[in-house]
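Enquirer: Here's the feature list from TrEMBL:
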REGION    51-83  region 'Disordered'
ACT_SITE  TYR225  active site, proton donor
BINDING   ARG278, ASN533, ASN577  (S)-malate binding site
ACT_SITE  LYS296  active site, proton acceptor
BINDING   GLU368, ASP369, ASP392  divalent metal cation binding site
DOMAIN    393-646  domain 'Malic enzyme NAD-binding'
Amino acid sequence: MVKKNILKYLPSLTKRLSLPSHSRTRTPFYSLPSLLLSSFQVHWSTSHCSQHLTQEQPHTSEKDRPRRNNLSQQESERKATHGVAMESFMKGIRGDAPCVLDMDPTHTVGGGVEDFYGEDHATEDQLVTPWTISVASGHTLLRDKRHNKGLAFTETERDTHYLRGLLPPAISSQELQERKIMKNLRSYEVPLQRYQALMDLQERNERLFYKILINNVEELLPVVYTPTVGEACQKYGSIFRRPQGLYISLKEKGKILEVLRNWPERSIQVIVVTDGERILGLGDLGCQGMGIPVGKLSLYTALGGVRPSACLPITLDVGTNNETLLNDEFYIGLKQKRARGQEYADFLQEFMTAVKQSYGEKVLIQFEDFANHNAFELLAKYGTTHLVFNDDIQGTASVVLAGLLAALKVVGGTLADHTFLFLGAGEAGTGIAELIALEISRQTKAPLEETRKKLWLVDSKGLVVSSRNESLQHFKKPWAHEHEPLKTLLEAVQAIKPTVLIGTSGVGQTFTQEVVEAMASFNEKPLILALSNPTSQAECTAEQAYTWSKGKAIFASGSPFDSFEYDGKKFVPGQANNAYIFPGFGLGVIMCGAIRVHDDMLLAASEALAKQVSEENYANGLIYPPFTNIRKISANIAASVAAKAYELGLASRRPRPDDLVKYAESCMYTPVYRNYR
C-alpha cells in the first residue's frame, strides 16, 4: 500500500521539485529518502554530501563552498519550497496515520531533542527504514554500524537492499552471533585484546555490541570500563584505528563551533568530555584519555538506555606534561606542555558556549577525569549556566552514599551515628564527604557546618586540621577541624577511631595490615571502601581486608575483585562503581528535560540505588545490587531523579508522566535487530 502511494505521488513531486532525470532511473523507493532530508532537518556535513554529488551537481572546493550559516536567499527559498512540498507529499502517503514530525514532544525522549528516525517509536515487530544520507543498501549498508546486521540479514532484505553476493549464503540469528562473539572473546587471554575486539564490534555492528554488553554486563564491564580501559588509554596511540569521538585541540581555538558541526549527529543529549589530565589513578595521559568518554558513553547506552546516536565523546587536547608521551613517536595528541591559566579558561569558555549554541540548553555535559584544580572550578563556574555533572565528584559521591545507606542495615544506626575517615582529599574524597554531610544535615536538620565535623580527611601531608588552614587548597578548608596534627593514616585511625574508612587516594596498598587491624579492633563490623582505580591502585584488596580483619570487614572497592573464602565462609566483595549511578542519572535528567543539576537530585539517586539491595544481597555481604539487574536499577534511579527535578521546578518536559519508572523503561534504547523494508 505504501509503495503504491509513493508511485502515485512521485511523478507530481519530481515535477514540482524539478528533480534531475537520473533521480527517476532507479526504483522510486530508493530515490525518496534523499528528498526527505530538509523535512527531517537532519544536518549532514559537506564531506558526507560530496560523496553523493552527480555531474549535474558539480563538487565545489572547500574554498568555494558556501557556509551553512550564510546561505543565499535563493537557496533558502528553494529549501523551504522543497520542505513544504515534501510534507504535503508525506501526508498524502500516510493518510490519517501519525507522523514522527507530528508527534507531541511530551511523548518523546530527549529533553527537547526528537528522534528523527522514528526508531524509538516503532515496536520491535514494525519495519523501519535504514536511513543514512539516503536509504542504505549494498556495500554502504554493510559499512553502516547503526544498520549493519552481518549474517542476520534475511533473504528478503538481501534482495531488497542489493546484498546478494556481498554476504555468505548462511543466515544467523542475533543470538547465534552473540554466542560466537562471546566464544571468541573468552578465547583471548589478554584483557586488552578483548577491549580491542569489542571496540571493533562497536564500529561495525552497533546493535550487536550493545546486546552483548547488556546480556553479559558483569563479565564485560571490567573490559569496556575500569580496569582494562585504563590500560587502553595508556596504549591508545598504539591501538588507535579510527576516531570514536571529537578531538578538539588548541589548534581549533576560535573555531570550536565549526568543529562541533563536523560531527554527523545533531540530536545530541549527552556529552562526556575530558582533558586527560587525571585519567583514573594513572595521571596525565593527554589526548589518549579519549578511551574514558568512549567507555562511559557505551555504558550510558548499555546500562541507561540512552540512544548511541545521542551520545558524543569529546577530548579537549590542551597538551600534556607527561614526558613519556611527549617523546613517544606514536602519541596522537599535541606535543606541547599543558595550557594553563587564562589560555585554558578561555578555551573552556569557548567550548561550553559552542556546545550550548550547537545542542541547546538541555544537553547534559559530563566532566570526566579533570585534575582537581580544574574540576572544582569548572563545576562551580558552569553549574549555574549549563546542565553539567562531574562524575568524579558527584557520581562517585552518590554511589558511595548509596553503599553507606545500604550498609546501615548491616552495621546499624544512622549516618549521624558514624564517624568517617578519608584517605585522599581530592575531588572524589571531598565530593563524597560533602554529599554525606548534606544527607546527614537533611536527616537531622542540623546545620551543614556541624555535620561536616563527623568527617575527617587525610592527605599527603597528614590529617587535615585547622592549624594547616593557610596552606590548604580551598576545597579542603571545610574539612579542617580542630585537632592536633597527625602525619600518618595509622595515627589518624587510632586517634579518630572511625567506623568507616574510605580510600580515594589513587595510591595502592595504603590500607596496610596495621590500619585494617586497628579498624577491626574497635569496630564489630568495620566498613572499608578501597575506591581508587584501576585495580593496581586500590588501597587494599578484598582478600587483605577480609583476612586482616578476620572476616569482620564489610568491603567494597572501585574496581572488581573476585569472591574470597575465609574461615569456611564465602565473602563476595561489593563494587562501588559509578556505573550504578551515572547512566540512570543521565536518563532521568534527559527524560524530564532538566535544565540544571541540583544536589538533591544526587541524593535521590543514592536513595534509589540503596533501595535496590535485597536481603539475599545482604546475606552475601553485598551493599550493592548485582549488575545483572542494572537496567531495572537505572530505570528506578532515573525515575527518582526525574521526580526530584519536577519537585524542584527544574524539569521542562510537561506534562509529568504518571508512572516515571514505566516511562523510563519505555525510553530505553533496545539493541534488538530491526526488520528492514
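Each residue, glycine too, has its Cβ placed from N, Cα and C.
Just so you know, TrEMBL annotations never went through curation; they're auto-generated.
Relative to the rest of the structure, where do these features sit?
Expert: Long-range neighbours of TYR225 (active site, proton donor) (same chain, six or more residues apart, CB within less than 8 Å of its CB): GLY295, LYS296, LEU299, ASN577, ALA579.
In sequence order, ARG278, PHE367, GLU368, ASP369, PHE370, ALA375, GLU427, ALA428, GLY431 constitute the residues six or more apart from ASP392 (divalent metal cation binding site) in its chain with CB-CB distances below 8 Å.
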Enquirer: Other residues with Cβ within 8 Å of the Cβ centroid of GLU368, ASP369, ASP392 at the divalent metal cation site?
Expert: THR274, ARG278, ILE279, ILE292, PHE367, PHE370, ALA375, ASN390, ASP391
Enquirer: Are there residues of the same chain, six or more positions away from ASN533 ((S)-malate binding site), whose CB falls under 8 angstroms from its CB, and which are they?
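Expert: ASN533 ((S)-malate binding site) has long-range Cβ partners THR226, PRO227, GLY230, LEU280, GLY281, GLY558, SER559.
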Enquirer: Within the domain 'Malic enzyme NAD-binding' (393-646), what mean pLDDT does the predicted structure show?
Expert: 95
Enquirer: Please give me the CB contact count at 10 A for LYS296 (active site, proton acceptor), counting all chains in the structure.
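Expert: Its Cβ shell of radius 10 Å holds 27 other Cβ atoms.
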